[in-house]
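Asker: Pulled from TrEMBL, these are the listed features:
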| type | residues | note |
| --- | --- | --- |
| BINDING | C:S64, C:N114, C:E160, C:N167, C:Y191, C:Y243, C:V261 | substrate binding site |
| DOMAIN | C:332-396 | domain 'STAS' |
Protein chains: 4
Amino acid sequence: MRPIIPDYLAEVLGDVESDTSGEPAGYIPELAAADPERLGAAFAMIGGEVYGAGDFDIEFTIQSISKPFAYALALSDRGFDSVLAKVGVEPSGEAFNEISLESDTGRPLNPMINAGAITVHSLTGAEDLKPAERVERVLHGLSAFAGRRLRMDEAVCASEMENAHRNLAIAHMLRSHDILTEDPRPIVDGYTRQCSVLVTTRDLAMMAATLANRGINPLSGEQVVPEAVVRQVLSVMFSCGMYDAAGDWATQVGIPAKSGVAGGLIGALPGQIGIATFSPRLDRHGNSVRGVSLFERFSSDMGLHVMGVPAAARAVVRSDHVVGSGPSALRVLQLQGGIGFAGAERIVQEAEGISPSNVRVALDLTRVHSIDDVARRMLLEVARRLTLDGHEVYLVDPESIIPDPDPGDGGRVTVVDNVGHADLHTATAGGGQIG
Amino acid sequence: MRPIIPDYLAEVLGDVESDTSGEPAGYIPELAAADPERLGAAFAMIGGEVYGAGDFDIEFTIQSISKPFAYALALSDRGFDSVLAKVGVEPSGEAFNEISLESDTGRPLNPMINAGAITVHSLTGAEDLKPAERVERVLHGLSAFAGRRLRMDEAVCASEMENAHRNLAIAHMLRSHDILTEDPRPIVDGYTRQCSVLVTTRDLAMMAATLANRGINPLSGEQVVPEAVVRQVLSVMFSCGMYDAAGDWATQVGIPAKSGVAGGLIGALPGQIGIATFSPRLDRHGNSVRGVSLFERFSSDMGLHVMGVPAAARAVVRSDHVVGSGPSALRVLQLQGGIGFAGAERIVQEAEGISPSNVRVALDLTRVHSIDDVARRMLLEVARRLTLDGHEVYLVDPESIIPDPDPGDGGRVTVVDNVGHADLHTATAGGGQIG
Amino acid sequence: MRPIIPDYLAEVLGDVESDTSGEPAGYIPELAAADPERLGAAFAMIGGEVYGAGDFDIEFTIQSISKPFAYALALSDRGFDSVLAKVGVEPSGEAFNEISLESDTGRPLNPMINAGAITVHSLTGAEDLKPAERVERVLHGLSAFAGRRLRMDEAVCASEMENAHRNLAIAHMLRSHDILTEDPRPIVDGYTRQCSVLVTTRDLAMMAATLANRGINPLSGEQVVPEAVVRQVLSVMFSCGMYDAAGDWATQVGIPAKSGVAGGLIGALPGQIGIATFSPRLDRHGNSVRGVSLFERFSSDMGLHVMGVPAAARAVVRSDHVVGSGPSALRVLQLQGGIGFAGAERIVQEAEGISPSNVRVALDLTRVHSIDDVARRMLLEVARRLTLDGHEVYLVDPESIIPDPDPGDGGRVTVVDNVGHADLHTATAGGGQIG
Amino acid sequence: MRPIIPDYLAEVLGDVESDTSGEPAGYIPELAAADPERLGAAFAMIGGEVYGAGDFDIEFTIQSISKPFAYALALSDRGFDSVLAKVGVEPSGEAFNEISLESDTGRPLNPMINAGAITVHSLTGAEDLKPAERVERVLHGLSAFAGRRLRMDEAVCASEMENAHRNLAIAHMLRSHDILTEDPRPIVDGYTRQCSVLVTTRDLAMMAATLANRGINPLSGEQVVPEAVVRQVLSVMFSCGMYDAAGDWATQVGIPAKSGVAGGLIGALPGQIGIATFSPRLDRHGNSVRGVSLFERFSSDMGLHVMGVPAAARAVVRSDHVVGSGPSALRVLQLQGGIGFAGAERIVQEAEGISPSNVRVALDLTRVHSIDDVARRMLLEVARRLTLDGHEVYLVDPESIIPDPDPGDGGRVTVVDNVGHADLHTATAGGGQIG
């Protein structure tokens, strides 16, 4: 069976490819020299599967996308009280490089603006760390989110330090308010190193999936940060992650997100999925032009809005076994619960493992109590493709969870009441309801 | 069986009752004269059940809590484009009565500040409505959200109009930017009437539940506004509903919410629940002091944070039937899917309908694939109370969804592998695992 | 003799005539319809003479130029404390129509922005005036500054009221802060009437000259407002009169000034001159383009900068010599010009050099044409101390520049008509006037 | 004779001595350790005399009082255009340590806030100076203003550098906008050195007097900066010198002024006086409490308000009479005092009243002690036009107030020593000097 989700991703990338508006970040030569045509996208499921299309294995610097993860590390390392005493959680409604300190305390308004992120960097690791140890702590933490050891782009880092006037200004201002309590320059240096970590779109999707998965990396199974930290981080991303376009994003896309000046963009939907895109041309807010378009499309196509009513996201595939043997052997995928996009993805993944020799395949919906639009369409597409691959497909659907199923365009499906009935209809033409 | 949720509500109200900090709104005599000791809370489930405690049937004026509902009506009546052209969706980080217009267009930053809400009022109903007709349209719409015909408090309304200087200032400013296109005074008058609608805490919970339930009033079944409108409204409530405390609320409570100056406070968790509280003393942000405490408690106790990973919320009780007859008859509640707070609530409700004559009761978890902490505790509490009421309780749990169940304090439960086994153990002492 | 100053004015008008940049105010039809080619300028000397060139006898509406004069009237009618309690004196650095209220008190930052000017209008006349009486008080006051009975342009006034949304917004905001204590609409109506008073460039120059002349209209001789009020008004004009271009104006032109949206512009240089220009095309700050050019030219050509050192401040002690010899020798300090504190200091310094052997000392005021309070007191103190040191002191004061001189407390002075008379009175007891 | 002005100063110091409100600046130990009881005041006259009372010869650090002088040096060294391109002249209405940069250009709003002053420091001296040379240039310049070689307090300087976080923040921000074009740290170091220059109250008074005296140090006679620079500096001091209390100061005191955090305060009244006070306790604006009181007292007692009408500006035409009769009759305009534009206008006006029958006309300058450029030109133009009208014109100018008078273009004037001499020269050709 051909893979459904990469096909979908490739199609959507194709749709946005022609948009060449915006400009790559130009403030340092290394970023300005980025190939503006690069385009990639990846989905990382909380079950660990990653789907990608385009340049999703090309490395680029993480930049501001490091902010929510460093925030998670600081909350985890120092505790909520210590971090909240130094960095607020209020949206600033301002651009990323605004200083936006509280007038009385000098506390940065939130950890997504540079003032907050520089402070957060200083709060990672234990209190007595030396600057280089702190950088190593952050690199280690980001790597844990990604599930592989990451490294820095020294050239970008050096170039950024040469142009770090504004961040130095911010850091000295924070120092004057005792928000920073050390020499500002090594902190800005460390923060710049944090921003220079190289990631692929795949890495970013996996990092987002770790947030979506209660802080547990879906591949390594490591609990990188506690679940309460994840809720905090996702909330702040939702309100503050897209700078002065935060409200538009929250309403239209509805996925906690964060963008980086190198062209990356991530989103994490709790309990479901981590998404990442990469395209270097930026809009006036500093967000990737095509990245924003992709997320709008994903949110709309897959009903991923955090304010949408969710379907259950776990253990959708209850079992996958073969009944009988020989030509009449039946491969049965027993499904359960409520199925949304994320659940459907699990089914797709399972279906892709079906060998050509399993001619007869049953999708058993007996224990499924609900299914949303996108999941229904995905299941029918699974059926269609299995048909095209030469399989006979049965839908075991005693409660008509999917009424009048029509896979369309060459697909064929036989609806039966229970798995036993599938045996009786080996040679029956598809599409008919059998009671 | 004694009711679980009202007991819980009463207990939590008791915990906050001693907090007499804050002051009722004092800008008009009618509000200042409110009894500051009033305290009520209500839950409205998307299935339609309402639980309340304290003064939850006392009427008070809706005030700013009308804002998200009027916004929903305007989006529904005029379409997204018309409304977004006049009112933004960006957090202002400012107090409710700040003007906060975009410097170039004069567009209010969001519909939750007064400038936005006054503009929204002018956008409700068809374009050619007369002011009085527009007020009737809003009143009708709010009533549809509440599921009963609401009315206005004319005394509060008249008193507010006498002190409406600031709103008149805002409206004239909006008129100068052509955001308002009519005489400002009747619009402010209409907006003041909108704010003077009388509601109970029960009404507010039901209005919130309508938002939580994709725009469908759980009782009347009326689709008051489309689902896309609800997502928009909830997103804006999440970012802007609590004024300059929006970030704290979003992170700590994590429920899209709105407060009113008369002491009301609502929250809506998509797919799960509408919550409302009432206590007139306000903090410096203009939010009800005890209301904020109650929501913090609810969010924490019940895992209601919108950035928490949800469990499925529908059709948790698959069937409720009696097997056999006579003394050995067994009342079976067959459950399914993933169970969170909202699902557990449905089970509690079902269990409350069990008559004393159904001595033997089974909670069948065979089709349940997940259950969260609060739901587990609630189910065990159901078992305990049924025991105390003289029932014998069986947990049919072949996959140990609830390992080592202990209802505690007088409760007793017998775990069995399937409903048939319950028959075999009529006289067995509780607590033992039977394979 | 051909007139010099009108020739100069005509020449300078000719130089700026070709500049057709800027646009007349367009917010009401009556102003937009103004002939943009109109160009006039006038000088009014504190002696009463008026010189004009171009369209300096064409009437137009005074608009914001009424602000400093109404401020003077309010200070005069209600006293400094009452007015300062309601309107500040700090520059706002903002455009004329910004609200700019102090965040805590709601007090407008200064009387030159609309918020301040509307408040000032409400503070003119006695406290119990009706709105129409207040307008009459302002009209009467403006007429006194101009030296002729002025009248309103009813068409402009009516047109402005139709577009007064922003001023109504401001007034309602002021009402909400209790800065205004009456119904805002009649106050805005009255303020609009104040702005609709018709003046010619000649009138404006005379009004400015009244400010330059310590509050006394040079023609009528009427003390329109007290001198202390004038100092206050000129200081505020210097800092706040040209809106957000105030600093450029203060440094480059250096004349306390005020512009109006109909194209008028006035400047007042204390003790010297009132200047007015008229040209309807405005720059982005709302100031007349050619008016600004004319003032730059006037300031530069005529050395009118308020921070320039005035020509008249030097060489107060014309000579210090001894007439005669022996016991009747007379030490004569011949003084000249106008004497203020700095001049008096020079005299004190000179007097300290008088040796005890110069028993007889004359302060010769024959060439002194004016002396202010502090200088008069210092001169008498010099006389007193010289008396105490054993000197006989003569005041040569043929024109009674210091009438009834009384050094007090042991001092004694003999007034004579000329130095020669001092010889005649060697033995005379002091204090008597000798003619 | 006992000295009058020191007595006055001592009396006024005694009156404010009991006010111990406010606190010395506490941000560095060296300033916090200042004796808060110190109190001194000094007047420096433009003639060079200095009067002092109290601790007026105690040294303290100049701090922000260096700002207007460094601004004068930068304008003088680099020209107006270069400096204005980098630092504005608009009041900020904000506290001294606000950043207050123009949002588009990053240009500091004015040279009196730290951002502007740091930029100004970088603009002193020639463009290619090294940091240490620039400090020496500033020290040399400040010394020239004071009339003696000043030196730095190295302990204060070192202490300030340790606490210069905010200034470093500002400097890095300026660097990020290319307002500073060098490494920010040495500039902040140099600026800190500038602020650490030690001065006495006497020095400050003399420095202010140099501003009051057209840029010429009254003692040394050195033209430290050009007169146009002084006008610019005084204008900016008037609008921006007292931070967010600028408007109160401008109206109540009316003297261009500047305060320093070590307790110094200066004022300069053009053409009259430089004033300085010293008292370390500061109000919430950072201005010396007793210093402000002293200046209010000085301004009120001595009529020093810059918007007050100077004593010396009236009665330029002392008399206008005819001497003799018949063909030799001489029309004499007897002039007096100092003549500027306004005075010249009075003369023009008088001259226009001369009938053709008064063939012979004398302008008697005997009692005139000074005349400025524009007035000189106007007088000669009067002479020219009278000549063209057929008059014979005499200039009675025994002290050569107008040297080498040349009316030009058809004008002719005969210079004589006294009016009597005009009789002798009835038939003489014009232009010759007659002694």
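Cβ atoms are placed via backbone N, Cα and C, with glycine included.
Because TrEMBL annotations are produced automatically, they should be read as predictions rather than curated entries.
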Asker: Which of the three DSSP-derived classes (helix, strand, coil) applies to C:Y191 (substrate binding site)?
Answerer: helix
Asker: Based on DSSP, tally up the residues of the domain 'STAS' (C:332-396) by helix, strand and coil.
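Answerer: Here the numbers are 28 helix, 25 strand, 12 coil.
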Asker: Against chain D, with Cβ pairs under 8 Å, which of the binding-site residues C:S64, C:N114, C:N167, C:Y191, C:V261 show up? Give them in sequence order, please.
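Answerer: So none of them sit by chain D.
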Asker: Look up C:S64 (substrate binding site) in the DSSP assignment and report helix, strand or coil.
Answerer: helix
Asker: DSSP on C:V261 (substrate binding site), three-state: which is it?
Answerer: coil
Asker: Any same-chain residues 6+ apart from C:V261 (substrate binding site) with CB under 8 Å of its CB? Would you list them in sequence order, or say none?
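Answerer: Sequence-distant Cβ neighbours: C:A25, C:L31, C:Q63, C:S64, C:L282, C:G286.
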Asker: If I restrict to non-local contacts, at least six residues apart, and a C-beta distance under 8 angstroms, what lies near C:E160 (substrate binding site) in its own chain?
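Answerer: Spatial neighbours, sequence-distant, of C:E160 (substrate binding site): C:I28, C:T192, C:C195, C:S196.
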Asker: Other than its own, how many Cβ atoms are within 10 Å of the Cβ belonging to C:N114 (substrate binding site)?
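Answerer: I get 24 for this one.
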